[in-house]
(Lines of atoms letter the chains of each structure in order from A; the text may use other names.)
(Lines give C-alpha, C1' and ligand atoms only; values in the text may rest on other atoms or scores of the structure.)
Protein backbone atom coordinates (compact mmCIF):
# COMPACT_ATOMS: atom_id res chain seq x y z
CA UNK A 1 0.00 0.00 0.00
CA UNK A 2 1.26 3.41 -0.89
CA UNK A 3 -0.39 6.09 1.19
CA UNK A 4 -2.11 6.12 4.59
CA UNK A 5 -5.79 6.99 4.68
CA UNK A 6 -6.09 7.80 0.98
CA UNK A 7 -9.19 9.72 -0.11
CA UNK A 8 -11.53 7.44 -2.06
CA UNK A 9 -13.07 8.23 -5.44
CA UNK A 10 -15.65 10.94 -4.98
CA UNK A 11 -13.49 13.30 -2.95
CA UNK A 12 -13.35 14.52 0.63
CA UNK A 13 -17.04 14.28 1.42
CA UNK A 14 -17.07 10.56 0.73
CA UNK A 15 -13.87 10.16 2.72
CA UNK A 16 -15.59 11.71 5.73
CA UNK A 17 -18.41 9.24 5.38
CA UNK A 18 -16.00 6.32 5.15
CA UNK A 19 -13.48 7.11 7.88
CA UNK A 20 -14.78 10.11 9.77
CA UNK A 21 -18.06 11.19 11.28
CA UNK A 22 -21.07 10.10 9.30
CA UNK A 23 -24.19 12.25 8.93
CA UNK A 24 -26.32 12.07 12.07
CA UNK A 25 -29.29 10.69 10.16
CA UNK A 26 -27.33 7.44 9.74
CA UNK A 27 -27.33 7.02 13.53
CA UNK A 28 -30.88 7.60 14.82
CA UNK A 29 -31.61 7.25 18.55
CA UNK A 30 -32.17 3.53 19.20
CA UNK A 31 -35.67 2.49 20.14
CA UNK A 32 -36.42 0.01 22.89
CA UNK A 33 -37.47 -3.32 21.52
CA UNK A 34 -39.15 -6.25 23.17
CA UNK A 35 -36.94 -9.29 23.78
CA UNK A 36 -37.00 -11.93 21.05
CA UNK A 37 -38.81 -15.16 21.76
CA UNK A 38 -36.83 -18.45 21.66
CA UNK A 39 -38.47 -19.26 18.31
CA UNK A 40 -37.46 -15.87 16.88
CA UNK A 41 -33.90 -16.23 18.17
CA UNK A 42 -33.70 -19.63 16.52
CA UNK A 43 -34.42 -18.08 13.13
CA UNK A 44 -31.57 -15.56 13.35
CA UNK A 45 -28.61 -16.25 11.00
CA UNK A 46 -25.33 -17.21 12.70
CA UNK A 47 -22.85 -14.33 13.11
CA UNK A 48 -19.75 -14.12 10.97
CA UNK A 49 -16.72 -15.52 12.82
CA UNK A 50 -14.48 -12.74 14.16
CA UNK A 51 -11.16 -12.89 15.98
CA UNK A 52 -9.85 -9.84 17.81
CA UNK A 53 -6.34 -9.09 19.02
CA UNK A 54 -5.87 -6.77 21.98
CA UNK A 55 -2.81 -4.79 20.88
CA UNK A 56 -0.50 -5.33 23.88
CA UNK A 57 3.05 -6.57 23.23
CA UNK A 58 2.96 -10.33 22.74
CA UNK A 59 -0.82 -10.36 22.80
CA UNK A 60 -2.80 -13.19 21.26
CA UNK A 61 -6.41 -13.33 20.25
CA UNK A 62 -8.40 -16.54 20.05
CA UNK A 63 -11.78 -17.76 18.90
CA UNK A 64 -13.20 -21.23 19.34
CA UNK A 65 -15.93 -21.82 16.80
CA UNK A 66 -17.99 -24.94 16.27
CA UNK A 67 -16.30 -27.10 13.66
CA UNK A 68 -12.97 -25.26 13.71
CA UNK A 69 -9.93 -25.11 15.96
CA UNK A 70 -8.83 -22.19 18.09
CA UNK A 71 -7.54 -19.27 16.02
CA UNK A 72 -4.50 -17.47 17.39
CA UNK A 73 -2.86 -14.25 16.22
CA UNK A 74 0.75 -13.72 17.24
CA UNK A 75 3.33 -11.07 16.36
CA UNK A 76 6.41 -13.11 15.44
CA UNK A 77 8.63 -10.23 14.29
CA UNK A 78 8.33 -6.71 15.67
CA UNK A 79 10.11 -5.12 12.74
CA UNK A 80 8.36 -1.76 12.80
CA UNK A 81 8.24 -1.76 9.00
CA UNK A 82 7.32 1.50 7.34
CA UNK A 83 5.25 -0.51 4.85
CA UNK A 84 5.73 -4.26 5.20
CA UNK A 85 4.50 -6.03 2.06
CA UNK A 86 4.64 -9.05 -0.24
CA UNK A 87 4.94 -11.98 2.21
CA UNK A 88 6.12 -15.16 0.45
CA UNK A 89 6.98 -18.47 2.09
CA UNK A 90 10.37 -19.90 1.07
CA UNK A 91 9.92 -23.60 1.82
CA UNK A 92 13.55 -24.52 1.15
CA UNK A 93 14.84 -21.89 3.58
CA UNK A 94 12.03 -22.43 6.10
CA UNK A 95 11.57 -18.69 6.09
CA UNK A 96 9.15 -15.89 5.29
CA UNK A 97 10.23 -13.35 2.70
CA UNK A 98 8.79 -9.83 2.79
CA UNK A 99 9.77 -6.28 1.89
CA UNK A 100 9.76 -2.90 3.61
CA UNK A 101 8.93 -0.52 0.77
CA UNK A 102 10.07 2.93 2.02
CA UNK A 103 13.06 1.58 3.95
CA UNK A 104 14.28 -0.22 0.83
CA UNK A 105 14.83 -3.64 2.38
CA UNK A 106 14.16 -7.22 1.30
CA UNK A 107 13.74 -9.23 4.50
CA UNK A 108 13.76 -12.90 5.46
CA UNK A 109 12.37 -14.15 8.78
CA UNK A 110 13.68 -17.55 9.87
CA UNK A 111 10.99 -19.63 11.56
CA UNK A 112 13.62 -21.75 13.34
CA UNK A 113 15.86 -18.92 14.53
CA UNK A 114 13.06 -16.39 15.01
CA UNK A 115 15.12 -13.54 13.60
CA UNK A 116 15.07 -11.32 10.52
CA UNK A 117 17.89 -10.83 8.01
CA UNK A 118 17.73 -8.08 5.40
CA UNK A 119 19.31 -6.97 2.14
CA UNK A 120 19.34 -3.23 1.45
CA UNK A 121 18.53 -2.08 -2.09
CA UNK A 122 18.77 1.25 -3.91
CA UNK A 123 15.08 2.06 -4.46
CA UNK A 124 11.68 1.42 -2.87
CA UNK A 125 11.21 -2.37 -3.13
CA UNK A 126 7.61 -3.51 -3.37
CA UNK A 127 7.51 -7.26 -4.02
CA UNK A 128 9.66 -10.37 -3.91
CA UNK A 129 9.21 -13.81 -5.49
CA UNK A 130 11.02 -17.14 -5.66
CA UNK A 131 13.05 -17.99 -8.75
CA UNK A 132 13.20 -21.48 -10.26
CA UNK A 133 16.94 -21.18 -10.90
CA UNK A 134 17.56 -20.13 -7.30
CA UNK A 135 17.46 -16.97 -5.18
CA UNK A 136 14.79 -14.35 -5.86
CA UNK A 137 13.30 -11.77 -8.20
CA UNK A 138 12.05 -8.41 -6.97
CA UNK A 139 10.36 -5.22 -8.11
CA UNK A 140 12.06 -2.00 -7.05
CA UNK A 141 11.44 1.47 -8.38
CA UNK A 142 10.13 0.74 -11.87
CA UNK A 143 12.49 -2.20 -12.41
CA UNK A 144 12.19 -5.96 -12.42
CA UNK A 145 15.44 -7.27 -10.91
CA UNK A 146 17.23 -10.43 -9.76
CA UNK A 147 18.45 -10.72 -6.17
CA UNK A 148 21.29 -13.01 -5.06
CA UNK A 149 20.77 -13.27 -1.32
CA UNK A 150 24.18 -14.38 -0.04
CA UNK A 151 26.05 -11.97 -2.28
CA UNK A 152 23.48 -9.20 -1.58
CA UNK A 153 23.65 -8.48 -5.29
CA UNK A 154 20.81 -6.87 -7.28
CA UNK A 155 20.85 -7.03 -11.09
CA UNK A 156 18.30 -5.15 -13.19
CA UNK A 157 16.33 -7.31 -15.65
CA UNK A 158 14.24 -4.61 -17.32
CA UNK A 159 12.46 -1.34 -16.62
CA UNK A 160 8.89 -0.12 -17.22
CA UNK A 161 7.10 3.26 -17.11
CA UNK A 162 10.21 5.07 -18.34
CA UNK A 163 8.05 8.06 -19.25
CA UNK A 164 6.68 8.34 -15.69
CA UNK A 165 9.58 9.22 -13.36
CA UNK A 166 7.24 9.58 -10.37
CA UNK A 167 5.97 6.00 -10.65
CA UNK A 168 7.06 2.87 -8.83
CA UNK A 169 6.03 -0.76 -8.71
CA UNK A 170 3.69 -1.93 -5.96
CA UNK A 171 2.51 -5.52 -5.39
CA UNK A 172 3.57 -8.46 -7.56
CA UNK A 173 3.25 -12.26 -7.71
CA UNK A 174 4.22 -15.16 -9.98
CA UNK A 175 1.48 -16.99 -11.89
CA UNK A 176 1.11 -20.81 -12.23
CA UNK A 177 3.16 -20.78 -15.46
CA UNK A 178 6.09 -18.94 -13.87
CA UNK A 179 5.37 -15.42 -15.18
CA UNK A 180 5.87 -12.45 -12.82
CA UNK A 181 2.79 -10.18 -12.69
CA UNK A 182 3.33 -6.76 -11.07
CA UNK A 183 1.67 -3.37 -11.20
CA UNK A 184 2.74 0.24 -10.81
CA UNK A 185 1.38 3.39 -9.19
CA UNK A 186 2.34 7.02 -8.70
CA UNK A 187 4.34 8.00 -5.64
CA UNK A 188 2.76 10.43 -3.21
CA UNK A 189 2.91 14.08 -4.23
CA UNK A 190 2.64 14.94 -0.53
CA UNK A 191 1.39 12.89 2.44
CA UNK A 192 -1.83 11.04 1.57
CA UNK A 193 -2.05 12.60 -1.90
CA UNK A 194 -1.14 10.90 -5.17
CA UNK A 195 -1.82 11.46 -8.84
CA UNK A 196 -4.61 9.14 -9.94
CA UNK A 197 -4.69 6.67 -12.87
CA UNK A 198 -0.91 6.64 -13.41
CA UNK A 199 -0.28 2.92 -12.90
CA UNK A 200 -0.36 -0.15 -15.14
CA UNK A 201 -0.29 -3.93 -14.80
CA UNK A 202 2.69 -5.74 -16.35
CA UNK A 203 3.95 -9.30 -16.79
CA UNK A 204 7.59 -10.35 -16.96
CA UNK A 205 7.85 -13.54 -19.04
CA UNK A 206 10.45 -16.28 -18.66
CA UNK A 207 12.33 -14.94 -21.72
CA UNK A 208 12.57 -11.62 -19.81
CA UNK A 209 10.20 -9.81 -22.19
CA UNK A 210 7.47 -7.60 -20.69
CA UNK A 211 3.81 -7.15 -21.63
CA UNK A 212 1.53 -4.35 -20.38
CA UNK A 213 -2.04 -5.58 -19.83
CA UNK A 214 -3.78 -2.26 -19.07
CA UNK A 215 -3.21 1.19 -17.58
CA UNK A 216 -5.30 3.79 -15.70
CA UNK A 217 -4.52 2.03 -12.40
CA UNK A 218 -4.52 3.92 -9.10
CA UNK A 219 -2.78 1.55 -6.66
CA UNK A 220 -2.01 -1.85 -8.19
CA UNK A 221 -2.25 -4.38 -5.40
CA UNK A 222 -3.30 -7.96 -4.54
CA UNK A 223 -3.07 -10.74 -7.14
CA UNK A 224 -3.76 -14.48 -7.27
CA UNK A 225 -5.15 -17.24 -9.49
CA UNK A 226 -7.98 -19.74 -9.13
CA UNK A 227 -7.14 -23.35 -8.37
CA UNK A 228 -8.16 -24.44 -11.88
CA UNK A 229 -5.92 -21.69 -13.36
CA UNK A 230 -8.81 -20.16 -15.32
CA UNK A 231 -9.36 -16.95 -13.33
CA UNK A 232 -7.00 -14.14 -12.34
CA UNK A 233 -7.97 -12.14 -9.24
CA UNK A 234 -6.78 -8.55 -8.89
CA UNK A 235 -7.13 -5.50 -6.67
CA UNK A 236 -6.77 -1.83 -7.61
CA UNK A 237 -7.06 -0.49 -4.07
CA UNK A 238 -8.94 2.75 -4.68
CA UNK A 239 -11.71 0.88 -6.50
CA UNK A 240 -12.53 -0.81 -3.15
CA UNK A 241 -13.18 -3.92 -5.21
CA UNK A 242 -11.80 -7.42 -5.68
CA UNK A 243 -11.96 -8.12 -9.42
CA UNK A 244 -11.79 -11.26 -11.55
CA UNK A 245 -10.53 -11.76 -15.11
CA UNK A 246 -10.67 -14.70 -17.48
CA UNK A 247 -7.11 -16.06 -17.58
CA UNK A 248 -5.30 -18.12 -20.22
CA UNK A 249 -2.63 -20.26 -18.59
CA UNK A 250 -0.82 -20.90 -21.87
CA UNK A 251 -0.47 -17.28 -22.99
CA UNK A 252 -0.89 -15.31 -19.76
CA UNK A 253 -3.57 -13.14 -21.36
CA UNK A 254 -6.40 -11.77 -19.22
CA UNK A 255 -9.81 -10.31 -20.12
CA UNK A 256 -13.49 -9.93 -19.22
CA UNK A 257 -12.93 -7.93 -16.04
CA UNK A 258 -15.71 -7.94 -13.43
CA UNK A 259 -16.08 -7.14 -9.73
CA UNK A 260 -16.71 -10.06 -7.40
CA UNK A 261 -16.70 -8.21 -4.06
CA UNK A 262 -17.04 -4.58 -2.95
CA UNK A 263 -15.59 -3.81 0.45
CA UNK A 264 -17.80 -2.54 3.27
CA UNK A 265 -16.99 0.82 4.85
CA UNK A 266 -15.54 -0.70 8.03
CA UNK A 267 -13.31 -3.01 5.98
CA UNK A 268 -11.62 0.07 4.47
CA UNK A 269 -9.03 -0.40 1.67
CA UNK A 270 -8.30 -3.76 -0.02
CA UNK A 271 -4.58 -4.48 -0.21
CA UNK A 272 -2.70 -7.78 -0.61
CA UNK A 273 -4.40 -11.12 -1.25
CA UNK A 274 -3.87 -14.90 -1.28
CA UNK A 275 -5.92 -18.04 -1.95
CA UNK A 276 -6.46 -21.22 0.10
CA UNK A 277 -6.84 -24.84 -1.01
CA UNK A 278 -10.63 -24.50 -0.93
CA UNK A 279 -10.44 -21.77 -3.56
CA UNK A 280 -11.41 -18.98 -1.17
CA UNK A 281 -9.64 -15.61 -1.20
CA UNK A 282 -8.07 -13.90 1.80
CA UNK A 283 -7.73 -10.11 1.53
CA UNK A 284 -5.77 -7.85 3.88
CA UNK A 285 -7.63 -4.60 4.61
CA UNK A 286 -5.39 -1.55 4.97
CA UNK A 287 -6.68 0.78 7.72
CA UNK A 288 -9.20 -1.97 8.49
CA UNK A 289 -6.99 -4.04 10.80
CA UNK A 290 -8.17 -7.37 9.46
CA UNK A 291 -8.04 -10.06 6.83
CA UNK A 292 -11.31 -11.23 5.31
CA UNK A 293 -12.11 -14.55 3.64
CA UNK A 294 -14.23 -14.32 0.49
CA UNK A 295 -16.03 -16.83 -1.70
CA UNK A 296 -15.22 -15.67 -5.25
CA UNK A 297 -18.14 -17.64 -6.70
CA UNK A 298 -20.88 -16.20 -4.48
CA UNK A 299 -19.27 -12.85 -3.69
CA UNK A 300 -19.93 -13.41 0.02
CA UNK A 301 -17.65 -12.67 2.95
CA UNK A 302 -17.19 -15.87 4.93
CA UNK A 303 -14.90 -14.87 7.77
CA UNK A 304 -13.14 -11.93 9.38
CA UNK A 305 -9.93 -12.18 11.38
CA UNK A 306 -9.01 -8.99 13.23
CA UNK A 307 -5.47 -8.09 14.19
CA UNK A 308 -4.11 -5.75 16.90
CA UNK A 309 -2.91 -3.23 14.29
CA UNK A 310 -4.85 -1.07 11.82
CA UNK A 311 -2.55 -1.10 8.82
CA UNK A 312 -2.65 -4.71 7.65
CA UNK A 313 -1.11 -4.84 4.19
CA UNK A 314 -0.85 -8.38 2.78
CA UNK A 315 -1.08 -12.08 3.61
CA UNK A 316 0.18 -15.50 2.55
CA UNK A 317 0.15 -19.06 3.79
CA UNK A 318 3.33 -20.77 4.97
CA UNK A 319 4.86 -23.15 7.47
CA UNK A 320 5.63 -26.82 6.93
CA UNK A 321 2.18 -27.71 5.60
CA UNK A 322 1.04 -24.19 4.61
CA UNK A 323 -1.50 -24.15 7.44
CA UNK A 324 -0.15 -20.92 8.96
CA UNK A 325 -1.09 -17.51 7.64
CA UNK A 326 1.43 -14.68 7.73
CA UNK A 327 0.28 -11.05 7.63
CA UNK A 328 2.45 -7.99 7.02
CA UNK A 329 1.62 -4.55 8.38
CA UNK A 330 2.71 -0.91 8.22
CA UNK A 331 3.52 1.91 10.63
CA UNK A 332 3.94 4.65 8.02
CA UNK A 333 1.93 7.79 8.84
CA UNK A 334 1.30 6.85 12.49
CA UNK A 335 2.07 9.44 15.17
CA UNK A 336 3.54 8.69 18.62
CA UNK A 337 0.16 8.42 20.31
CA UNK A 338 -1.12 6.01 17.68
CA UNK A 339 2.04 3.91 17.89
CA UNK A 340 1.79 3.81 21.67
CA UNK A 341 -1.63 2.21 21.29
CA UNK A 342 -0.41 -0.20 18.59
CA UNK A 343 3.23 -0.99 19.42
CA UNK A 344 3.23 -3.97 17.05
CA UNK A 345 2.45 -1.81 14.00
CA UNK A 346 4.79 -2.68 11.16
CA UNK A 347 5.26 -6.18 12.57
CA UNK A 348 4.82 -9.62 11.02
CA UNK A 349 1.92 -11.67 12.35
CA UNK A 350 1.26 -15.41 12.31
CA UNK A 351 -2.30 -16.73 12.40
CA UNK A 352 -2.86 -20.38 13.28
CA UNK A 353 -5.98 -22.51 13.68
CA UNK A 354 -7.79 -21.28 10.57
CA UNK A 355 -8.65 -24.84 9.57
CA UNK A 356 -7.54 -24.33 5.96
CA UNK A 357 -4.24 -24.50 4.13
CA UNK A 358 -2.73 -22.33 1.45
CA UNK A 359 -1.24 -22.87 -1.99
CA UNK A 360 2.59 -22.86 -2.22
CA UNK A 361 3.99 -19.89 -4.17
CA UNK A 362 4.98 -20.37 -7.80
CA UNK A 363 8.61 -19.59 -8.74
CA UNK A 364 9.56 -17.30 -11.60
CA UNK A 365 10.61 -19.45 -14.56
CA UNK A 366 13.13 -17.04 -16.07
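Note: Cβ is positioned from N, Cα and C throughout, glycine not excepted.
Automated prediction, rather than curation, is the source of TrEMBL annotations.
In TrEMBL this protein carries:
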COMPBIAS  1-10  compositional bias 'Pro residues'
REGION    1-62  region 'Disordered'
DOMAIN    83-331  domain 'SMP-30/Gluconolactonase/LRE-like region'
BINDING   85, 221, 271  divalent metal cation binding site
BINDING   168, 170, 188  substrate binding site
ACT_SITE  271  active site, proton donor/acceptor
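The structure, with features from TrEMBL marked on it.
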residue: 85; record: divalent metal cation binding site; DSSP (3 states): strand
residue: 168; record: substrate binding site; DSSP (3 states): strand
residue: 188; record: substrate binding site; DSSP (3 states): strand
residue: 221; record: divalent metal cation binding site; DSSP (3 states): strand
residue: 271; record: divalent metal cation binding site; DSSP (3 states): strand
- Query: Say you check the Cα of residue 85 (divalent metal cation binding site) against those of the binding-site residues 168, 170, 188; which is nearest?
  - Reply: 170
- For residue 85 (divalent metal cation binding site), what is the tally of other C-beta atoms lying within 10 angstroms of its C-beta? 27
- Task: Can you tell which of 170, 221 has the least company, meaning the fewest other C-beta atoms within 10 angstroms of its C-beta, among these binding-site residues?
- Result: 170
- Task: Write down the Cα-Cα distance for residue 271 (divalent metal cation binding site) and residue 170 (substrate binding site), rounded and given in Å.
- Result: 10
- Fewest other C-beta atoms within 10 angstroms, as judged across 188, 271, which are the binding-site residues: 188
- Report, in whole Å, the straight Cα-to-Cα distance of residue 271 (divalent metal cation binding site) from residue 188 (substrate binding site). 17
- Note on the structure: In this predicted model, the domain 'SMP-30/Gluconolactonase/LRE-like region' (83-331) has a mean pLDDT of 97
